[in-house]
Amino acid sequence: MNPYILTTLLFGLGLGTTLTFASSHWLLAWMGLEINTLAILPLMARHYHPRAVEATTKYFLTQAAAAATLLFATMTNAWLTGQWDIQQMTHPLPTTMIIVALALKIGLAPVHSWLPEVLQGLDLTTGLILSTWQKLAPFALLMQIQTTNPTPLIIMGLLSTLVGGWGGLNQTQLRKILAYSSIAHLGWMVLILQFSPTLTLLTLLAYILMTLSMFLIFKMNKATTINALAISWSKTPALTALTPLILLSLGGLPPLTGFMPKWLILQEFTKQDLPLLATLAALTALLSLYFYLRLSYAMTLTMFPNNLVGATPWRLYNSQLTLPLATSTTATILLLPLTPAALALLTT
């Protein structure tokens, strides 16, 4: 792709998200979401491949439906209450419609089925943008909606953690596994949203950090299936030793960074006198942990036959920058002791 066009599209991505962040009017927020969607579509379709075109079409139709629902809901709210302000949502009907529209935007269950299919058709770089940056603007809107009825969010959050764990069990494609991982993590964020928006923000930042590490590792190894991970030892042996730690961090095991948001969320549930919700959320996390362990097993405990084809990658030079990967990997593994500092920064 022409570098000038690429720069313009990336600028559009940043502009759309920033516009949504800065807006207090629903029309301006909707405009930011539309700019965001239109900017990423050429990035998704830049590889002239049927799968990429199919993924782009599915993404466009899904986002268009979500944007239309959002616009209809905000107009209904203005008609019923006379308010266009994002933080002045008082009527339950448009509020619920807006929550459903934003859930469709980010891929929450039960409106999640587009996300694995779209992510599977993209290259790893565009998939990383879709899994991280594209979640920011809808979450900024979700965090500003003060709803008096948290039940829809709790139902969607629990369903997402369950679907995200269940759907990834039988997958062999890494991008689909990361898509179901995204759905499960989004479920945790939405579960705690009405009780502690600070924890939602902390969980989102931790998710972005861990997902960035995984996408960069798969990009370094040029791996898109589980079988391709079995020969990663011949390409990057040191990284292959660290990758299971990153996967376990995604699963939320101590003493890794990913344990921090799950620990604080379960603690907040017990403070809110919701032991059943905490128990169900913790049990659904076990499903996700299974396929993270499956990936770790494929990388470290299975060895591809040591033939010439398997050893050839030693002699190939990889042009990918290693500093972002090293930084994100270190942060994904070692940030748990900084939990009090992270909470202090987010609460001030």
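Heads up, the Cβ atoms here are built off N, Cα and C, so glycines get one too.
Taken from TrEMBL, the feature domain 'NADH:quinone oxidoreductase/Mrp antiporter transmembrane' covers 23-287.
The domain 'NADH dehydrogenase subunit 2 C-terminal' annotation in TrEMBL covers 289-342. In the predicted structure, the domain 'NADH dehydrogenase subunit 2 C-terminal' (289-342) carries a mean pLDDT of 77.
If you look at the transmembrane segment (60-80), the same-chain residues 6 or more away from its ends with a CB under 8 A from one of its CBs are 26-27, 30, 33-34, 37, 41, 89, 91, 93-95, 97-98, 100-102, 104-105, 114, 118. Residues or ranges marked as transmembrane segment by TrEMBL: 60-80 (among others).
Taken from TrEMBL, the feature transmembrane segment covers 92-115 (among others).
TrEMBL lists 151-170 (among others) with the feature transmembrane segment. Within the chain, the transmembrane segment (151-170) has long-range Cβ neighbours (under 8 A, six or more residues past its boundaries) at 96, 99-100, 103, 108-110, 112, 116, 176-177, 180-191, 193-194, 277, 280-281, 284-288, 290-291.
Among the features that TrEMBL reports, transmembrane segment is placed at 177-195 (among others). With a threshold of 8 Å between CB atoms, the same-chain residues lying at least 6 positions outside the transmembrane segment (177-195) that come near it are 103, 106-109, 112, 115-116, 118-120, 127, 131, 135, 139, 142-143, 147, 150, 153-154, 156-165, 167-168, 171, 203-204, 207, 211, 214-215, 250, 261-262, 265, 268-269, 272, 277, 281, 284-285, 287-288, 291-292, 295.
Note on the transmembrane segment (201-218): residues 124-125, 127-128, 131-132, 135-136, 139, 143, 174, 178, 181-182, 185, 188-189, 192, 224, 239, 243, 246-247, 249-250, 257-258, 260-261, 264-265, 320, 324-325, 328-329, 331-332, 335, 342-343, 346 of its chain, located 6 or more positions outside it, place their CB under 8 angstroms from a CB of the stretch. Among the features that TrEMBL reports, transmembrane segment is placed at 201-218 (among others).
Here TrEMBL flags 238-256 (among others) as transmembrane segment.
Residues 154, 158, 161-162, 164-166, 168-169, 171, 177, 180-181, 184, 187-188, 191, 247-248, 250-253, 262, 265-266, 269-270 of the same chain lie 6+ residues outside the transmembrane segment (276-293) yet bring a C-beta within less than 8 angstroms of a C-beta in it. Per TrEMBL, the feature transmembrane segment maps to 276-293 (among others).
A Cβ distance under 8 Å defines the sequence-distant neighbours of the transmembrane segment (92-115), meaning residues of its chain 6+ beyond its ends; these are 33, 58-59, 62-63, 65-67, 69-70, 72-74, 76-77, 80, 134-135, 138-139, 141-142, 145, 147-149, 152-153, 156-157, 159-160, 162-164, 179, 182-183, 186-187, 190. Counting residues 6+ beyond its ends, the transmembrane segment (238-256) has Cβ neighbours under 8 Å at 181, 210-211, 213-214, 217, 220-221, 232, 262-263, 285, 288-289, 292-293, 295-296, 299-300, 325, 329, 332-333, 336 in the same chain.
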